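According to TrEMBL, the protein carries these features:
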TRANSMEM  29-47  transmembrane segment
TRANSMEM  54-77  transmembrane segment
TRANSMEM  97-114  transmembrane segment
TRANSMEM  145-166  transmembrane segment
TRANSMEM  172-193  transmembrane segment
TRANSMEM  286-306  transmembrane segment
TRANSMEM  326-343  transmembrane segment
TRANSMEM  363-383  transmembrane segment
TRANSMEM  403-428  transmembrane segment
TRANSMEM  449-471  transmembrane segment
TRANSMEM  491-515  transmembrane segment
Amino acid sequence: MAYYGISSNLVIYMTTKLHQGTVKSSNNVTNWVGTIFLTPILGAYVADAHLGRYLTFIISSAIYFLGMLVLTLSVSIPGMKPPECSTASAEDCEKASVLQLTIFFGALYILAVGTGGTKPNISTIGADQFDESDPKEKIQKISFFNWWMFSIFFGTLFANTILVYVQDNVGWGWGYGLPTLGLAISISVFLLGTPFYRHKLPMGSPFLKMARVIVASFRKARAKMPHDHTRELPSLEDERKGTFPIQSTQSLRFLDKASLKTGIIGQWNLCTTTEVEETKQMLNMLPVMCVTFVPSAMIAQINTLFVKQGTTLNARIIGNFSIPPASLSAFVTVSLLVSIVLYDRVFVKIARKFTGNPRGITLLQRMGTGLIFHILVMTVASFTERYRLKVAADHGLIHQTEVKLPLTIFVLLPQFVLMGMADAFLVVAKLEFFYDQAPESMKSLGTSYSLTSLGIGNFLSSFLLSTVSKITIKRGRGWILNNLNESRLDYYYLFFALINFVNFVLFLVVVKFYVYRDEVTHSVDVKEEESKVMGIEEDE
């Protein structure tokens, strides 16, 4: 609720209160969101290597709250923002001072540092509460990420409806103050559960471990590998931490040389087979992460251009009550919530009968379905925008910015609903995939892969928006201008649909060569018991 309470309407605040143009405000939003989802790499490193997930989350939550508090003050105190301006064009209004911008953006980026430690660790802490060796808990864990995302987007629904309405109609101080209060309450609730949590110990720096494997393999590049590999047995340290050795696999065989004994010892010359396999697992996931950059850039459109489209349309519902444009994001949330419930309670049970997979379909198949939805989203958005421009032309409103088009804001509904369905497949599967496929000692880092793809996607969105805007303006007809009625967003959305199609083809190539990691457990009876539990659940 706190994060989406800020991000959902941020582009509106920047244009109406800070008096920034469409491209600049959109890029500022996507750059900030990009940073929000890149800092989790650092948070994951600190958790896995030094402080552990719980302590990292607590410290980061305090930083998060500080950022929210300063941000609330910056939008509440009159001297912290430029004076009100009634001129239609933001370019003609008084700009925010350097001090005002420093405080506002400083607060945003303090918040970003805080989320760096909360986002990769809180979902991981949740998943850690399930015992992999218990068949019943293992089956429950499969549904965990579905209901985890359901909970997140339930908070998002409140942000996109109530908070956005408060921001637009009551005031930005209240609109940011309420999620700040909500964050304080949620942190308190989390602390109350401390005695009941299962805590995982930090297991050393994942980056150092991976670097050692890569360096050691290059140092022994000319050495020959034996045909048979000695099986690694669990040590007392493994048993203390609840981890188990991983045996050698066929992927990235060059890295196996890091575990080859050549007489030279030292941590940068010799690694265990488990360390090698953990490095392989993290490297194997990189191509999958790369093909999620483009759909992450699509998600960035919801809180920027999609919302800006809504500001040009008739938002009145009943009498004088109008729906805030940013509240359209609520339809993404509602669509996602409904889709998750149907997926978990209906689709998975039906699919299990045909595939025998506890998840119904594989995580990559679920992600692929989400990518297809993304192509459809941008195609529908393009045709909708073309119709909006036609209405503007038919009523002579192309050069008007103050007059709303005689077209209901709900014409944008299909693209928001489809985006929610896409997220139900792609976003949930992506989070679960990177957690599930990461080795036990690098779970937080694995979760950060999912968040990193969102971060890079937002920066990619900023790059594409700026580049396309500059190129098209030079050629005489800008696709993205401050006046959307003079723009050609339909071309821009069609361009995105094409990029999504190319990205989907690349995804199919990546999937063809990806090999799921073997499950490591100390119980030989888990598989058999797991099948029994699945049968009982399906009967229910």
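These residue numbers are counts, starting from 1, taken along the chain as shown.
Note that Cβ sites are derived from N, Cα and C of the backbone, with glycine treated the same way.
Not measured: the values here are computed from a predicted model.
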- Task: Might you confirm whether the transmembrane segment (363-383) is in contact with the transmembrane segment (403-428), defined here as three or more C-beta pairs under 8 A between residues 6 or more apart in sequence?
- Result: yes
- Query: Between the transmembrane segment (326-343) and the transmembrane segment (286-306), are there at least three Cβ pairs closer than 8 Å, leaving out pairs fewer than 6 positions apart?
  - Reply: yes
- Does the transmembrane segment (29-47) reach the transmembrane segment (491-515), going by 3 or more CB pairs under 8 Å (6 or more apart in sequence)? no
- Task: Count the Cβ pairs between the transmembrane segment (172-193) and the transmembrane segment (145-166) that lie under 8 angstroms and are 6 or more residues apart in sequence, then report whether there are at least 3.
- Result: yes
- Note on the structure: Same-chain residues at least 6 beyond the ends of the transmembrane segment (286-306) with CB under 8 Å of its CB atoms are 7-11, 25-26, 29-30, 33, 326, 328-329, 332, 364, 367, 370-371, 374, 377-378, 381, 412, 415-416, 419, 422-423, 426-427, 430, 433-434, 449-450, 452-458, 460-461, 464-465, 480, 489, 492, 496, 499-500, 503, 506-507, 510, 513-514
- Message: Counting only residues 6 or more past its boundaries, what in the same chain has a CB within less than 8 Å of a CB in the transmembrane segment (145-166)?
- Response: 1-5, 8-9, 123, 126-127, 174-175, 178-179, 324, 326-330, 332-334, 336-337, 340-341, 343-344, 424, 427-428, 431-432, 435
- Message: Given a Cβ distance threshold of under 8 angstroms, which distant residues of the chain, six or more beyond its ends, lie next to the transmembrane segment (363-383)?
- Response: 288, 291-292, 294-295, 298, 301, 306, 414-415, 418-419, 421-430, 432-433, 436, 490-491, 493-494, 496-497, 500-501, 503-504, 507-508, 511, 514
